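What Swiss-Prot lists as transmembrane segment is A:2-22, A:45-65, A:67-87, A:99-119, A:121-141, A:154-174, A:180-200, A:225-245, A:274-294.
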Amino acid sequence: MITIEISINLELIISFYLLFILGANNVANAIGTAYASRATTYRNLLILFSISVIIGSLFAKNVGSTVNSLSSDALTALIISALVMTLSTYKKVPISLHTVIICSLIGLNFNSSNLYVFGEILLSWILSPIIAVVIAYILYSAYEKIDISILKKITMIRYFLLISAAVVAFNLGSNDLPTVLGTFTTSQIIYIIGAIFLCLGAYLYGNRVSETLSMITNLSVSSAFIAQLSGGLAVTIFTALGMPVSTTQAIVGGILGVGLTKGIKTVRWKVLKNIIFWWVVAPIIALIIGFIINRMI
Amino acid sequence: MDVITMSIFLFERDNEKSVIDNLRLLIQMSLKSIELLKDYMNSKDEKILKEIIKIEEEGDETTKNIRINLEKAFLPNMRRELSRSAELLDETLDSLKHAAMLYELLKEEFDEYLKNEIDLVLMITVDMFQHLDRVLDVIEKGGDLDPIIKEIKDKEKFIDDVYQNRIYKYLINLEVESFWEGKILCDFIDNIVNISDYIEDVADELHIIYLHTK
């Protein structure tokens with residue numbers, strides 16, 4: 001008989017809390033467009049989401065190991081992350097969980113080997129949206145060339161909406177989840193339990209999906225799903241390389257890629273500048289907080 | 001690629017099909033109603049008027065079904081246009097019913113000139129409805145929508161021209177027995193002419209859907 005022992009500690013409680021928030025905040029990103037387009041029922045989408053997250057958690061080891069190699073003081077990093085994420089949600093400032101966790105880990109444990117890994121992660125953060133731009137540009141250009149009837153195109157869009165929802169949910173399990181749990185463990189069983197907490201957040205706060213509905217009705221669904229799918233695929237590439245990257249940042253790259261197919265003038269550079277500003281500032285703040293706490297301890 | 005294409009062909013979406021079929025049904029109802037109106041203008045047979053009214057009531061039911069089906073059909077950014085299209089087609093049935101009811105109130109028959117002009121407007125309207133049916137064909141089976149839309153717009157312009165330059169100018173000089181006789185006559189003609197505007201609007205709404213998927 002196999003006995004699995006899991007000791008409940010503060011790290012586990014905080015990380016499961018973070019995963020719960022992650023699930024609640026990201027379920028709309030994953031299934032919102034598919035739900036608004038009635039690709040299938042909400043119940044089926046939640047099942048697809050859960051299965052994809054749990055399958056993703058089975059491929060979480062790569063990213064988990066990378067994050068784990070940085071970790072020295074997981075508890076402090078998780079407390080900083082939980083506080084910053086709660087504050088940023090309250091203040092509605094778009095900060096990625098990846099950024100906060102990785103930068104606080106680096107700030108807390110500032111040494112040369114960590115800096116090398118941090119350099120690689122930083123490069124992934126820069127490259128993942130760029131790769132998403134390229135994928136979105138190619139996919140959208142190909143999509144525009146498809147010559148089938150409107151009804152068949154709608155059916156095709158619905159298939160791809162389900163695929164892109166599954167890819168984004170898979171990334172939550174294979175990249176976001178090990179970024180949180182990798183701070184203190186590489187245990188597969190903890191990853192699967194974490195995936196269940198993530199799904200629980202999605203089930204209990206799934207009503208946020210309806211909020212995205214009103215937004216999506218004004219959007220071109222084809223542009224939205226191609227941006228989502230491209231972002232998702234870019235993150236999957238980096239998951240395979242073991243790099244923790246943000247799906248949201250990659251999706252922004254996807255949106256830019258779709259926009260570029262319509263010409264460079266259609267891109268709202270002011271909005272993009274604001275987004276990039278937070279991408280640069282947020283890690284610096286997290287690094288400084290981690291570094292100050294490290295010095296104080 | 002072949003497997004994906006095959007699955008798209010095999011995957012039947014009943015909700016979309018039902019919306020398109022009901023839009024076609026509204027077009028068929030309008031065509032039937034036009035034929036009945038022509039007969040009614042010749043015979044003033046009460047039964048025909050009742051049939052026109054009955055078709056209009058059935059049209060309300062069909063429009064309601066389209067709205068219900070739209071909850072689950074098509075993509076979110078297309079539903080407004082399709083709902084509006086159904087509403088406009090329903091308006092054409094209303095116009096035909098009102099035209100028939102107004103005709104019942106007219107004491108005198110139309111003279112030859114006016115009758116011929118109205119026949120001409122109705123004939124072009126029938127043609128416009130047939131083009132609208134072709135628009136639905138393109139949505140369902142594929143093809144180029146732009147030339148069909150252009151033809152619908154040209155025909156609407158022609159009807160406008162007939163109304164402004166021929167019917168209206170003729171009406172100004174027409175002697176009528178009373179104010180109400182004149183008003184009923186004008187309202188009757190307005191109801192007939194307005195149908196082409198509705199058809200053009202439906203074509204525009206469906207054109208937007210076509211552009212959404214481009």
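Note that Cβ sites are derived from N, Cα and C of the backbone, with glycine treated the same way.
Contact between the transmembrane segment (A:274-294) and the transmembrane segment (A:154-174) does not hold: fewer than three of their C-beta pairs are under 8 Å, each pair 6 or more apart in sequence.
In this chain, the transmembrane segment (A:67-87) touches the transmembrane segment (A:99-119); three or more CB pairs sit within less than 8 A of each other, excluding pairs fewer than 6 residues apart. Highlighted: of the candidate stretches A:45-65, A:67-87, A:180-200, A:225-245, A:45-65 has the greatest count of Cβ pairs under 8 Å to the transmembrane segment (A:154-174).
For the transmembrane segment (A:180-200), the list of distant contacts is 4, 6, 11-12, 15-16, 18-20, 22-23, 49-50, 53-54, 56-58, 60-61, 63-68, 71, 74-75, 77-78, 81, 97, 101, 105, 172-173, 244: same-chain residues at least six beyond its ends, Cβ to Cβ under 8 Å. Through the fold, the transmembrane segment (A:67-87) approaches residues 10-11, 14-15, 17-18, 21, 95, 97, 100-102, 104-106, 108-109, 114, 117-118, 178-180, 182-186, 244, 286, 289-290, 293-294, 297 of its own chain, all at least 6 residues removed from its boundaries and within a Cβ separation under 8 Å.
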